[in-house]
Amino acid sequence: MRIVSTVEELRSALPMDQTIGFVPTMGYLHEGHMSLVENARRENDVVVMSIFVNPTQFGPNEDLDRYPRDFERDEKLAREAGVDVLFYPTTETMYPLDMARVTVRHGADVLCGASRPGHFDGVLTIVSKLFNLVQPTRAYFGLKDAQQVALIEGYVRDYFVPVEIRRCPIIREETGLAKSSRNVYLSDIETVEASRIFSALTMAREALDAGQQVDEVKRQLIERLDEIPNSQIDYVELVDYPTLGAVSSDSTELLLAVAIQFERARLIDNVIWKKG
């Protein structure tokens, strides 16, 4: 595995005539990231991973400074997973002038974007920069961040970016808790209680399967999540996927998405329901 940190080093490490699978991350790798690498490894000649904690997607009162970082650990995991090129740039490398940024016009003011203004502008700005640098054949994103995946797919279509976006399933603990770098902030008791999030989402999906109306499913989902102690609901939403718009009679896929705030960790999770 080759570790590079500058644009020049990255460009010299990229192959000219082979397919590239790209896995962008913010580090503190876990099994969810490893599953993305596994998919990339299976479908491409070369696998490139980036590790960069992107400052422009954090708000002024968010956890940028305390976001978990352990490059030595990440390097070991990336190497063991079969990553060929690990790109580990500085903020100065990724934002040399910070003259221009991507602005998201639709879908960024709902779900996570409702309480994190500017977040997805930062996400798509860094994704745009990384796509320009790596020029991957395929890029791999986990559906735990389903809103992010939908917006990246829209960006790729709008800007005619020649990359295939691969949606990858959520990797979970045995309890159902979605794997996340922020799980490290949970206490032992909170870790147990947080597993109830997926249980509530699963029951909501089953209610849709049984033909219950969207409003009633949402009401029941809120009730179940409200029962989780020492937590606060940030949002509970059912939206059309991948448009992220209101559910209509034409909707064939629905995203059931939630965000729950514990003392030191804000967790997101979701399930996708398909009609028929």
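In case you wondered, yes, glycine gets a Cβ from its N, Cα and C as well.
According to Swiss-Prot, the protein carries these features:
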ACT_SITE  His33  active site, proton donor
BINDING   26-33, 142-145, Ile171, 179-182  ATP binding site
BINDING   Gln57, Gln148  (R)-pantoate binding site
BINDING   Gln57  beta-alanine binding site
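Between the C-alpha atoms of Gly32 (ATP binding site) and Gln148 ((R)-pantoate binding site), the distance comes to 16 Å. When the binding-site residues Leu29, Leu143 are compared by the number of other C-beta atoms lying within 10 angstroms of their own C-beta, Leu143 comes out lowest. Sequence-distant neighbours of Met26 (ATP binding site) (same chain, six or more apart, CB under 8 Å from its CB) are Ile51, Phe52, Val53, Asn54, Tyr67, Ser181, listed in sequence order. The Cβ of Ile171 (ATP binding site) has 18 other Cβ atoms within 10 Å, all protein chains considered. Take the Cα of the residue listed as 'active site, proton donor' and measure to each of the binding-site residues Gln57, Leu143, Gln148, Ile171: the nearest one is Ile171. Gln57 ((R)-pantoate binding site) is 18 Å away from Leu143 (ATP binding site) when you measure Cα to Cα. Comparing Gln57 ((R)-pantoate binding site) with Leu29 (ATP binding site), their Cα atoms are 19 Å apart once rounded. Following the DSSP three-state reduction, the secondary structure of Gly32 (ATP binding site) is helix. Secondary structure from DSSP puts Ile171 (ATP binding site) in coil. Long-range Cβ contacts of Gln148 ((R)-pantoate binding site) within its own chain (separation 6+, distance under 8 Å): Phe120, Val123, Phe141.
Its own atom aside, the Cβ of His33 (active site, proton donor) has 27 Cβ atoms within 10 angstroms in the protein chains shown.
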